[in-house]
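*Asks:* First the structure, then my questions, so here it is.
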Amino acid sequence: MATGTQQKENTLLHLFAGGCGGTVGAIFTCPLEVIKTRLQSSRLALRTVYYPQVHLGTISGAGVVRQTSVTPGLLQVLKSILEKEGPRSLFRGLGPNLVGVAPSRAVYFACYSKAKEQFNGVFVPNSNIVHVFSAGSAAFVTNSLMNPIWMVKTRMQLERKVRGSKQMNTLQCARYVYQTEGIRGFYRGLTASYAGISETIICFAIYESLKKYLKEAPLASSTNGTEKNSTNFFGLMAAAALSKGCASCVAYPHEVIRTRLREEGSKYKSFVQTARLVFREEGYLAFYRGLFAQLIRQIPNTAIVLSTYELIVYLLEDHAQ
């Protein structure tokens with residue numbers, strides 16, 4: 001009975017710690033997520049730029065103007081949002097994000113912890129294969145449950161309204177999706193989210209390996225008390241940032257495909273069809289639009305989430321003892 005009670009307390013602890021970590025990270029990095037989503041969208045306005053070229057071999061020596069299209073960068077999108085929509089638009093989608101991030105992180109970390117317990121009994125305990133299967137299982141469950149909320153969040157982030165005009169709130173956006181697309185509309189982009197499980201697996205495999213290395217490092221064993229806690233905390237932040245950065249670079253294209261699938265009235269119908277269409281119309285570089293904003297957002301966000309999670313687990317477990 002005591003063992004069952006202890007397992008229940010551990011699950012609640014991971015739920016609470018994961019929820020707190022996700023909430024803190026979402027608030028701090030919301031503006032960058034809005035910019036990233038705008039950059040990923042097919043509706044991002046391409047600026048036409050004219051480059052003059054002088055051909056000296058011509059009789060008149062006249063210049064020839066070459067036309068090309070340039071994708072706006074992070075700072076240009078930020079400037080456009082501030083000028084046309086106001087600073088509040090940088091926090092579009094924060095409502096559903098806060099509604100969803102705490103339960104999603106809570107479910108994820110609880111599933112991850114539970115799955116790791118199960119897989120430790122099948123494979124070599126705490127090996128990389130355990131972390132891979134645990135992260136993949138947790139991501140699958142979380143994506144399946146939370147996709148409707150993330151769908152609404154993406155729609156709100158893509159909505160463009162001039163400064164001072166009324167924008168849809170979370171409930172209005174959800175109602176509009178239901179009226180125009182039905183229940184299936186809330187699950188657009190889910191296949192891309194499943195493809196993105198590879199990012200989660202890569203991230204946690206690297207993170208757990210780095211965390212194990214930090215525990216065994218000579219510096220960690222030679223310090224004591226407050227100094228050790230501080231070293232561990234910043235070490236975990238660095239490990240989280242590095243693991244997420246590597247994973248994002250490898251698996252980023254699925255994010256662009258997911259955003260395209262969630263656009264209102266879009267021509268994108270399925271994961272494979274969207275990938276082919278984006279490649280044919282825009283080239284392979286389109287799959288990495290917004291990557292810089294993603295790295296700027298996700299690296300500190302993941303560092304905040306994982307470090308807050310580890311800190312709360314450490315403090316509460318230490319307090320319980």
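Placement of Cβ uses the backbone N, Cα and C atoms for every residue, glycine included.
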*Asks:* Would you please say which range out of 49-65, 270-286 has the annotation transmembrane segment in Swiss-Prot?
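*Replies:* From Swiss-Prot, the annotated transmembrane segment range turns out to be 49-65.
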*Asks:* Taking the transmembrane segment (12-32) as the reference, which of 121-141, 190-210, 233-253, 298-318 gives the largest number of Cβ pairs under 8 angstroms?
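*Replies:* Counting Cβ pairs under 8 Å, the winner is 298-318.
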*Asks:* Determine which residues of the chain contact the transmembrane segment (233-253) at the Cβ level, with the cut-off under 8 Å and only residues 6 or more beyond its ends counted.
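*Replies:* Same-chain contacts beyond the flanks: 195-196, 198-200, 202-204, 206-207, 210-211, 214, 220, 275, 287-288, 291, 294-295, 298-307, 310-311.
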